[in-house]
Amino acid sequence: MTKKLHIKTWGCQMNEYDSSKMADLLASTHGYQLTTIPEEADLLLLNTCSIREKAQEKVFSLLGQWKLLKEKNPQLIIGVGGCVASQEGEQLRQRAPCVDVIFGPQTLHRLPEMINHVQGTNSPVVDISFPEIEKFDRLPEPRAEGPTAFVSIMEGCNKYCTFCVVPYTRGEEVSRPSDDILFEIAQLAAQGVREVNLLGQNVNAYRGATYDGDICSFAELLRLVAAIDGIDRVRFTTSHPIEFTDDIIDVYRDTPELVSFLHLPVQSGSDRILTMMKRAHTALEYKAIIRKLRQARPDIQISSDFIVGFPGETQQDFEQTMKLVADIHFDTSYSFIYSPRPGTPAADLPNNVSEEEKKQRLHILQQRISQQAMEISRKMVGTVQRVLVEGTSRKNVMELAGRTENNRVVNFEGSPDMIGKFVDVEIVNVYASSLRGILLRTEDQMDLRTHESPQSVIARTRKENEIGVGIYQP
């Protein structure tokens, strides 16, 4: 009888990536098949996030529901991973004794052994250690699920912003070797992936070892990824302003595969608050980065993260944030009310901004950025946009949907054979969360790089010397 696995994932794209790797790993080692129905599962895994306080409380609420399933099926194994698991450790089992396996973001590759331990001894296991890069060496080969894919290139963060738990839950920065990353992306490209999104908590701090013992910078990695045959779009998230160096900006100047969209968190427009957050940059320095980016790529759109109601934030501080929002003209944002996280320096600061004031500031900020996003969308009407077709439209299965470089969803009429390929569409209408397009040309009418085999490369590069002997010059 086939064993079933149900995974619930909360949090960032890195968690989504980790969950997909867990599913692949357990399919290869134990034959588990994914199910969307928890009641069918033999193994329940919860991949958690501890960035927000509410997300942490949601963990124990869901575990209360899963406890009822375990009472009906004592053989059911329940595992909790991710940042809450890393932060809580053994204390998690004290609040939720139904949990059998507790693992951190850096130990998910040990899940098969942990599950075997539980099955063999009927006792729980906890492993929230930080074995650095080991997890990537023990994960199965990548498996494409559509034309886009996430690839983790580094983990952890050394910045220790006063509000953030990431350095404590995912450890300090560790970069994967560049050759491993390029090989994984080449494997995905061979399976039809056209767009790759490079992941890391502080992705532009990447410094990976090369095969010859040198160090590959993030800018160098971007160019190498863009050169992989079949990869026509490159994205990355999430980056930090103090690591956004001029050599990265130069890649925007000369590498068209790198999309004209950047998520660059700033958190606040007040230098005083930025100092209290230990962000190590000013609002003016952030604006200077954006100015240089727009010189290199005039059509680039910027999104960001904001925290409102940070301890000590005054009305003047908030107004400086709103001024930055207007100056940069952000496209989208992920904005939140400050939530103190246990163990972080900011948690010890007096939280002297009222809840009512926090909610009002958040509403003003989100409303302004939504207005700016709509202005940008309206300016796209009449333009031709290259869209990567991801599948059928959510609202009408007779239509197709894809994404522009600046991450707008476009719905248009087309044929199923366009899925997984690029098309050019003219934008003709704007809606709250999508655009309407008319198909202009398909991929076979574009000058994109074709997939090449070793034989085609040899044939293309073959030359003959003076006596007619074939030589090859790659």
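Just so you know, glycine gets a Cβ as well, placed from its N, Cα and C.
Taken from Swiss-Prot, the feature domain 'MTTase N-terminal' applies to 3-120. According to Swiss-Prot, the feature [4Fe-4S] cluster 1 binding site maps to Cys12, Cys49, Cys83, an assignment based on sequence analysis. The domain 'Radical SAM core' annotation in Swiss-Prot covers 143-375, and the record cites sequence analysis as its basis. Under the heading [4Fe-4S] cluster 2 binding site, Swiss-Prot lists Cys157, Cys161, Cys164. Taken from Swiss-Prot, the feature domain 'TRAM' covers 378-441.
For Cys49 ([4Fe-4S] cluster 1 binding site), the spatially nearest entry among the binding-site residues Cys157, Cys161, Cys164 is Cys164, judged by CA separation. Secondary structure at Cys49 ([4Fe-4S] cluster 1 binding site), as computed by DSSP, is coil. Around the Cβ of Cys49 ([4Fe-4S] cluster 1 binding site), the number of neighbouring Cβ atoms within 10 Å comes to 20. Highest Cβ count within 10 Å among the binding-site residues Cys12, Cys83: Cys83. Cα of Cys83 ([4Fe-4S] cluster 1 binding site) to Cα of Cys161 ([4Fe-4S] cluster 2 binding site): a distance of 16 Å.
The CA atom of Cys164 ([4Fe-4S] cluster 2 binding site) is located 14 Å away from the CA atom of Cys12 ([4Fe-4S] cluster 1 binding site). Straight-line distance linking the Cα atoms of Cys12 ([4Fe-4S] cluster 1 binding site) and Cys157 ([4Fe-4S] cluster 2 binding site), rounded to a whole number, equals 15 Å. Counting Cβ atoms from all protein chains shown, Cys164 ([4Fe-4S] cluster 2 binding site) has 21 others lying within 10 Å of its own Cβ.
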